[in-house]
């Protein structure tokens, strides 16, 4: 039995007008069939996506969650967009003669959303394929995945996971073809024709943009990886090609700095880069502060005051012990655990997320120099090599990707950082609230709880003043019975060096090393304890006041300021009596501050070994701790003051100068406390 439409078509074929009507009707029929194909295939495609997201992904329990995130990427976002797209297409297909124009309007409306979701999925497709290849190396795992897919989606066939993953890529590239098929069966003078034409062109642009985005991501993925290479591995990568590239870049950079060639300015990227570095600096500082806070908490938790036993039964001491026990065993450990989980770990993840873009920005600078060199050559010669053309495209891809994604990344990083800071503030507030609640009952039983806060402050201040007065009185009384101040011994044979420094710089510049200094830098000095130096500058070239520039009488360099002690030159006993000859003048160095005068003791000194030393060659001599020695020369034959020539028990040899010390000898009488 013939269809009515076919009978109507056959009845019109007898005249030219009838043939035109038949051709028009056939186009209309093919047009409707194309629309129906679009809607039906969209419904089937969406059904497969929903099965992947709900059933298959949930049943692949043998795969880790990280792999599932890569395999299915943003499939949930794709399903949301395509569900609304299918609903609107079905509504447009039910509108009769207006369906074609409405279909074009639907795709124009969804153009941006389709591009956004599909470019993310397509960009992660290559990484998903690598996982599939790894699964195929494990036959048992591959069979388990295949059984899971066939149980849910039998039409997947032996391709299995690969068939599911490629579906979105095939679908987005098919949209322009389906729209073109509808367009081919639409008369050029129809009102829907320009709408369909724009829709087909828009979807073709979507596919082009997705391919370009995918290419940029592949280029960027080669540079976002942060490799931790040793010096040996870095040197192994150096060859003539890399040296040539780095030399060319350095030459281009020097030309720009000298103003010989113009520098490419990109205000938009410069602003984005500045904001990124600002966020990165904030994350680094916050991470450092939180790490210090966690270390301080660790030290606090090791301090257990509640375990100290005081001979004060009951009362406030017992109450304080209970409070301290509760804080040390519950409040502070819980706070530390929450701080690590809610602040420290997210902060470390944020810092790790910043590493990729940071490396990409550095690589962009290298590629920018290559790009500018290629552009310069192109303008001069008119052509570039294949490698230079590839460098141009690489820079354009990196720059376009950064300009497109850095704004969103900066915004997300700032939100992430703001959330971490809010969490930190909340945790601190919760800790303070918990401590106050726990201490409220104990505070009511402590002394002076009835006082107001200002009165309690005054009470504490008065108590501290009284304690300070008692401490000062004790110090004054104790200083009255102090023994004579012991001077820090000079190195044996160092008088001549001290005299030289004194005559050159004066007494106000002399300092003595309080403990052994081991220099680690190029300009740092290595000095033994007791060595006298002259201060040249009380800071280094960077303005750091903890490193001082000094003169040892033979070398100049930097030493830690904390290991120097100021000395004041005092005249010797002979100088005071005015009996010393000019060539016999000697000066004795005494440390500040000068304490209260005490009865003088005859100055008798000797050189002794402060620790044992075992000779390692015939040029050295062994020492025992406390053994008295005679210093012949305070340096070796090369003038090195770190070794001294000594005589002990009739033997001569070299020993380390730091092993010797000049100490007061036995006095004819001992010292006694003044009355």
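Backbone N, Cα and C atoms are what each Cβ position is placed from, and that goes for glycine too.
Just so you know, TrEMBL annotations never went through curation; they're auto-generated.
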| query | If you check TrEMBL, which stretch out of 573-595, 596-618, 619-641 is marked region 'Disordered'? | reply | 573-595
| task | May I ask you to indicate which of 1-24, 25-48 is given in TrEMBL as region 'Disordered'? | result | 1-24
| request: With DSSP as the yardstick, break the domain 'SH3' (602-665) down into helix, strand and coil residue counts. | output: 3 helix, 31 strand, 30 coil
| Along the domain 'SH3' (602-665), what average pLDDT does this model show? | 82
